[in-house]
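First comes the structure, then the notes that go with it.
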Amino acid sequence: MFISGRRTADKWRAEERLQCPAGSARAALARCADGGAVGPFKCVFVGEMAAQVGAVRVVRAVAAQEEPDKEGKEKPHAGVSPRGVKRQRRSSSGGSQEKRGRPSQEPPLAPPHRRRRSRQHPGPLPPTNAAPTVPGPVEPLLLPPPPPPSLAPAGPAVAAPLPAPSTSALFTFSPLTVSAAGPKHKGHKERHKHHHHRGPDGDPSSCGTDLKHKDKQENGERTGGVPLIKAPKRETPDENGKTQRADDFVLKKIKKKKKKKHREDMRGRRLKMYNKEVQTVCAGLTRISKEILTQGQINSTSGLNKESFRYLKDEQLCRLNLGMQEYRVPQGVQTPFMTHQEHSIRRNFLKTGTKFSNFIHEEHQSNGGALVLHAYMDELSFLSPMEMERFSEEFLALTFSENEKNAAYYALAIVHGAAAYLPDFLDYFAFNFPNTPVKMEILGKKDIETTTISNFHTQVNRTYCCGTYRAGPMRQISLVGAVDEEVGDYFPEFLDMLEESPFLKMTLPWGTLSSLRLQCRSQSDDGPIMWVRPGEQMIPTADMPKSPFKRRRSMNEIKNLQYLPRTSEPREVLFEDRTRAHADHVGQGFDWQSTAAVGVLKAVQFGEWSDQPRITKDVICFHAEDFTDVVQRLQLDLHEPPVSQCVQWVDEAKLNQMRREGIRYARIQLCDNDIYFIPRNVIHQFKTVSAVCSLAWHIRLKQYHPVVEATQNTESNSNMDCGLTGKRELEVDSQCVRIKTESEEACTEIQLLTTASSSFPPASELNLQQDQKTQPIPVLKVESRLDSDQQHNLQEHSTTSV
């Protein structure tokens, strides 16, 4: 068996020598050594491999002699080299072939299906013990074994293509270029220096030092000193077949990170400056001293900006109270942002001929035809406190002014941003008066739950998001004390804060423009009241809160079994936050009388603040002169409460129809911190756009209720106390003045109250407050807090004359 295997190998080797030239003997020998015998038969060829060393040396000598002839030919350029030059011979030749002939020192040669090895620089081969080199300066060119004589082309030698290996990936090599004497391009050196090399054993680090030595000799640039030793950098092939080094990725990432970080650093440092004309001395930007302002001269050599100087002169004139012509808004003042509608409103001044005409703006709505009066607190900030009071008097006089038909000229008047000094209403009462009882509706239900304002504040805070909250609205509470079924309490500190505004001080139910003379603010039957609305929104059925009360089951079982297709609409419920058209009034029955109303709006924020005030209400107001037509068209029941006076909602289609019939209206959007005034006989409807806490009250103006009528009301109230028996004492409260006297002294005090032109008694008798003594027409309202039996006696003597 052993002999037959050996004969078979000898026979195969003889056939290979006949078919292949001497140049391909080593390839055949390699195939015979590795594939010709398996297992114990492999040792037979070890001795025969040594016999082939001489033939290999002859082949290498012949290749070295043919190289000068090939180099003498015309060489192509680096970028236009033929494809055969790019592919280089395998590393299974030369010294590795000779090493294979010594089995005691080196392992046998790897099979021919391994990767090809690329040699980038055609420098001299490193000296070896077994392979003698041909003397001479000529560098041997490594060529692949030539093909058989029948298939060899006449042109230059081209490497024979090998079958693609099954276990290793293909590599794409850069074109082989011969380095010329002289300096090279930096990119060329980088490409050769960082190229991937492998040794004869497949280890990329085995030939690293030799290649570095070659670079040093070829370039000729680093002849002295220690050569720089750098580890070969790794290359990663991309999907297009191109190679990219790992350091390129790192550099790209660093550049991207630096750019991004630079943007983030510069993002928050931009100063908000709108114009050079609004930069004041306080900002340190104009560099204008006070001496220059007083002299009124500009030095041309100082390089001052004329526009900045003009603005500062105008600003100084604004604060000097110099008169009507000089009192104006500085020409350089520009608001940060305003809508087109607001810009058109501010551009229209109301020519009243007074000192404050530039601060009053009149809007004539083109769609509805009604007039609206506007004032802006950012413009009024230039006014002093005394001038603010005078402006508020003039503004309110225009607001409630009427024509010969007793119809107001303006459908609405707004002071934008006038309530900015007040705290958030809901936060104020939740933290200062947490146990105040309130009535809270369940969202989307008709149930009412009684809770504390602190608990309501917690629910709003938990469900608030982006301007709305998903909890039930809070019904109105009284801020001047609860009567009968009302909810609320008396909050004198909060009322004092309201009176700090000159607009509210005159228009509160006990204000200077009111016809009522209340000795105590808790006696007011006209408010103020406060309520909170969540804003109109669509609520998914899954988010709808469940009622705490049990519902009765429907008696009709067929309705429960009926199938209603959903089509494409989601299952959600519209929560309407609307107050239909109504007219504010006082009195009941024959005493019904329309009156004016005042409101203050504070948006529910919970930490979401913005530069622009948020829109809270969408309001439609009809002109007071069209009061009768609107009542007939909308079928209002004026004797009902405001919530139930009208059964239909007035939308755009209805407004257009009413406008064609000659009815005028105004459509306004009220924002956070706005104070609005509605004259009498103005029918209006509200829609809550976002979560808002509102204050509102009625005011009985003096022009609506003459002094004679107020005096008669005071006489009737005094008549009620005339018939009371029993002893009454004089008590003075911090807020209220209660007049309690003996029955014998009642007639004298009634005469005092009914006679407006009589002299006022000294303060020592009635212990009146100082501000009441200075009033020109003192009218005192007698307050009686009686028991049930005393109230019965009061009704019996109500018809008694004075």
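The backbone N, Cα and C atoms fix where each Cβ goes, and this holds for glycine too.
Sequence annotations record features per position, and here Swiss-Prot assigns 2-oxoglutarate binding site to Thr579, Tyr676 based on similarity to another entry. Listed in sequence order, Leu412, Ala413, Ile414, Val415, Val598, Gly599, Leu601, Val619, Leu670 are the same-chain residues at least 6 apart in sequence whose CB falls under 8 Å from the CB of Tyr676 (2-oxoglutarate binding site). Under the three-state DSSP scheme, Tyr676 (2-oxoglutarate binding site) falls in the strand class.
His582 (Fe cation binding site) falls within a strand segment according to DSSP. Under the heading Fe cation binding site, Swiss-Prot lists His582, Asp584, His684.
The compositional bias 'Pro residues' annotation in Swiss-Prot covers 123-151.
Swiss-Prot lists 152-170 with the feature compositional bias 'Low complexity'.
The compositional bias 'Basic residues' annotation in Swiss-Prot covers 183-198.
According to Swiss-Prot, the feature compositional bias 'Basic and acidic residues' maps to 210-221 (among others).
Feature annotation from Swiss-Prot assigns compositional bias 'Basic and acidic residues' to 232-244 (among others).
The SUMO2 cross-link annotation in Swiss-Prot covers Lys290 (among others).
The SUMO2 cross-link feature in Swiss-Prot is assigned to Lys313 (among others).
The annotation SUMO2 cross-link is assigned in Swiss-Prot to Lys740 (among others) on the grounds of a large-scale study or a structure entry.
If you look up Swiss-Prot, you'll see Lys781 (among others) marked as SUMO2 cross-link, on the strength of a large-scale study or a structure entry.
The annotation phosphoserine is assigned in Swiss-Prot to Ser81 on the grounds of a large-scale study or a structure entry.
Swiss-Prot lists 65-244 with the feature region 'Disordered'.
According to Swiss-Prot, the motif 'Nuclear localization signal' annotation covers 252-263.
Each residue in the motif 'Nuclear localization signal' (252-263) has a pLDDT score, and their mean in this model is 56.
Around Asp584 (Fe cation binding site), taking its Cβ as the centre, 22 other Cβ atoms fall within 10 Å, counting all chains. Within the same chain, residues at least six positions away from Thr579 (2-oxoglutarate binding site) with a Cβ under 8 Å of its Cβ are Pro642, Val643, Gln685, Phe686, Lys687. Listed in sequence order, the residues of the same chain lying 6 or more apart from His582 (Fe cation binding site) and placing their CB within less than 8 Å of its CB are Leu636, Pro642, Val643, Gln645, Cys646, Ile683, His684, Gln685. Residue density at His684 (Fe cation binding site): 22 other Cβ atoms are found within 10 A of its Cβ, drawing on all protein chains shown. The Cβ centroid of His582, Asp584, His684 marks the Fe cation site; residues of that chain outside this set whose Cβ lies within 8 Å of it are Ala581, Ala583, Ala597, Pro642, Gln645, Ile678, Val682, Ile683, Gln685, given in sequence order.
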